[in-house]
Amino acid sequence: MTPIVLALNFALSFAGLAALALSLDRHHRDAFLSRPPKARARGLRVAGWAGILLSLAASVALEGWNFGPVQWIGALTGASLLVVALLSYRPGWLRPAALAALPLALIALPFALRG
Amino acid sequence: MRQGFRQSMAWLHTWSGLVVGWVLFAVFVTGAASYYRAEISEWMRPELQTGAPIDAGRAADLAADYLRAKAPAAQGWFIGLPQPDKPVTELYWWNDLVSPLQHALLDPRTGAPSPARDTQGGDFLYRFHFELNMPPLWGRWIVGLCAMVLLVALVSGIVTHRRIFADFFTFRRRKSLQRGWLDAHNVTGVLALPFHLMIAYTGIVTLAPMYVPWGITAAFKGDETRFFVEAGLSPEVRLPVGKPGSIVSLAPLVATAQARVSEPLEHVAVYNPGDAAATIVTIFEEPKGLAHLHPQIAFDGATGAELGTTGLVRPATRISAAFVGLHEAHFAGPALRALFFLCGLMGAAAIASGLILWSVARLPKAGERPGLGFRLVRALNVGAVAGLPVGLAAYFLANRLLPVGVAGRADLEVRIFFGAWAAIALAALLRPHLRAWREALGLASLLFLAIPVVSALTTGAQAFDGAARFLGFDAAMLATGLLLAFAASEAGRTRPPRRAEPAVPAGRPAQRAAGTPQARSAAPAPARRRA
Amino acid sequence: MTERSAAGTGPNGTGKAEADKAEAAMSRTGIPRSGLSYRAAVAGRVVLAALGGYGVAALCTALLSLTLPLVRSEAVTVATLASFAIMVGAVVYVFAARSLARAALGLGAVGLLLGGGLWLVNGFA
């Protein structure tokens with residue numbers, strides 16, 4: 001249960017949830033002032049679920065079936081709260097923050113694997 | 001019928017949530033704080049120096065000497081051995097099962113009463129979380145009842161919420177007052193829903209044999225001890241034989257036990273210490289894992305011979321123990337524990353926003369006199385939600401400001417906690433509503449911000465092992481104070497801004513008129529029934 | 001927009017208008033919702049949900065503890081863990097039922113079945 005695995009979980013969940021939020025008309029408009037084109041919404045939805053599943057896979061692979069799901073749900077909850085906070089106070093920051101979370105997850109990955 | 005079902009569930013959610021909301025808010029806040037029970041206790045006893053190794057066996061013998069003098073006829077002694085992060089021997093004993101537990105702290109090296117100031121520390125918040133500072137049986141039944149109603153409120157709330165996924169991320173704080181509170185309630189409720197369901201259910205499970213003993217009644221003829229032994233949760237404990245006796249030295253048993261189990265030894269329990277059939281049980285920290293299962297070894301009190309250990313734990317018992325483990329989250333490292341804490345606060349926020357939503361949805365029309373029930377609910381909301389942080393801050397401040405030697409100090413701290421809370425609740429009845437919110441939250445904010453300052457001024461002169469020892473606690477107090485200041489400033493707003501603000505482009509009103517989903521969301525409900 | 005005009009548009013059934021509708025739904029027999037009989041009906045459901053729900057959960061726990069094909073400590077644990085979900089289900093049923101009488105009949109029938117089962121099991125044991 002290293003914090004670095006949790007950070008990896010958190011980054012993946014956050015990026016995934018942000019993509020899912022942006023795939024919804026209302027929040028896409030909050031961030032980009034327009035509705036998402038159909039293909040883009042679909043792409044965001046796929047990317048979002050992929051991020052969430054990757055987060056689950058990472059937590060189970062690194063923490064086992066005992067702690068993995070607990071940590072995954074904890075990270076999802078924290079990340080979704082951050083998405084909501086950004087959407088309602090700084091909607092323009094959501095996309096850059098989600099994009100920044102991905103390289104952070106990549107940086108955390110080797111440390112998580114080693115720890 | 002389906003529509004009828006949803007409506008009855010809406011009714012159930014509204015009213016079940018209202019009747020237990022005030023108690024549950026306090027249970028959630030003190031429960032979240034209990035994740036940091038050890039840290040709070042450490043801060044509240046600044047005299048204790050952590051870090052130096054302590055001989056556990058000698059500490060156990062010194063504790064037994066103290067208890068032999070103080071409580072020779074007790075039914076049981078419970079000795080908490082010193083740990084690296086808790087350099088104190090903590091004693092509990094009980095003379096019968098009705099009167100309250102007796103408690104003492106000893107210096108583990110001398111066996112004399114601990115030099116630390118007299119305080120209940122984090123244990124007060126922990127016990128309040130499930131006993132409400134009432135006689136244990138009463139408090140536990142009331143909290144259990146509230147937790148059961150919470151489960152009902154959660155289930156009926158899920159049924160009531162038509163658009164869980166569509167509104168998952170939605171917090172329209174700038175629309176109407178009611179919309180903002182509804183969204184706040186939904187967001188804090190839905191985002192942490194797995195936690196809420198888990199914490200309500202597992203909370204009841206921690207006291208399950210007390211709430212629902214009927215399985216034990218049916219299958220074990222009511223013999224609870226037999227059940228715990230067969231489930232592998234407890235070693236055999238002997239009944240007293242009624243002949244006087246004395247117990248052996250504890251130090252060799254502590255050494256024997258420590259050699260057998262790799263987990264840290266946490267407690268030594270002595271049952272019927274004055275009886276010829278006394279039993280000594282050594283209790284270890286739970287091994288790494290979700291399950292809350294403490295390995296135990298029992299010894300004959302008169303001879304020191306081993307009597308038995310906790311037995312094989314089968315799957316259902318392991319699941320049940322994992323429920324308890326999830327509730328307490330002892331397994332969680334600092335980061336995960338912070339997330340559990342955050343989830344607990346989200347639960348408190350969901351309850352508070354639900355309570356406020358109830359009153360906002362029932363605001364009287366202009367010129368209409370508010371009813372007595374409505375005014376009472378609003379005042380209770382302020383008293384429960386804003387009064388508790390004031391009480392908590394007062395509790396921490398009292399710990400630093402009360403003279404160290406004053407008699408009954410620990411009780412005085414608790415009385416100050418309840419006094420400050422009650423004062424806010426009373427003031428809420430007398431002050432205009434919005435001002436009561438702002439003043440109570442503002443006061444709570446100031447008190448929390450004052451804690452690190454007062455702490456530095458009152459304990460700064462003492463020699464601590466490392467100046468950074470309480471930085472984490474101080475930072476948490478400052479963060480709480482700032483959060484409450486933000487809440488106070490928000491509470492000062494009578495209504496949300498009429499129309500919004502810089503981020504909104506010129507095109508938005510037109511889009512809204514054109515029947516975008518946002519406009520539709522304000523349309524009458526039947527249009528969206530299928531959503 | 002005043003605070004008041006915002007009320008009652010909640011999409012999630014927690015707004016005032018929804019609450020009114022819901023309260024009307026609680027008295028589908030046509031009893032006015034502020035009347036004494038409405039209050040009595042609500043109080044009746046609360047009592048039935050608390051005592052009846054607990055009773056059904058308790059009977060179910062006892063019966064399962066004796067009949068589940070597990071070691072007896074395991075059977076007790078499974079039954080006890082399940083009892084709280086059973087009670088929640090019973091409470092939801094009581095408040096969702098068309099009338100108090102129907103809820104009482106339903107819960108009473110389940111309780112009678114469970115009690116009968118328990119009596120039989122105890123008789124054979």
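The first residue you see is number 1, and the count goes up from there.
Each residue, glycine too, has its Cβ placed from N, Cα and C.
Computed from a predicted structure; not experimentally measured.
Residues annotated as transmembrane segment in TrEMBL: B:12-36 (among others).
Positions annotated as transmembrane segment by TrEMBL: B:138-159 (among others).
For B:180-204 (among others), the entry in TrEMBL reads transmembrane segment.
The feature transmembrane segment is assigned by TrEMBL to B:338-358 (among others).
Note on the transmembrane segment (B:379-398): residues 21-22, 25-26, 29, 33, 43-44, 124-125, 352, 355-356, 359, 412-414, 416-426, 428-429, 433, 436-437, 440-441, 443-444, 447-448, 450-451, 454, 477, 480, 484 of its chain, located 6 or more positions outside it, place their CB under 8 angstroms from a CB of the stretch. According to TrEMBL, the feature transmembrane segment maps to B:379-398 (among others).
Residues annotated as transmembrane segment in TrEMBL: B:414-430 (among others). Among residues of the same chain six or more beyond the transmembrane segment (B:414-430), those with a C-beta under 8 A of the stretch's C-beta atoms are 120, 124, 133, 379-380, 382-384, 386-388, 390-395, 398, 436, 439-440, 443.
Positions annotated as transmembrane segment by TrEMBL: B:442-464 (among others).
Among the features that TrEMBL reports, transmembrane segment is placed at B:470-489 (among others). Through the fold, the transmembrane segment (B:470-489) approaches residues 36, 39-40, 43, 46, 389, 396, 437-438, 441-442, 444-449, 451-452, 455 of its own chain, all at least 6 residues removed from its boundaries and within a Cβ separation under 8 Å.
The feature region 'Disordered' is assigned by TrEMBL to B:492-531.
Residues or ranges marked as compositional bias 'Low complexity' in TrEMBL: B:519-531.
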Given B:138-159, B:180-204, B:338-358, the one sharing the most C-beta pairs under 8 Å with the transmembrane segment (B:12-36) is B:338-358
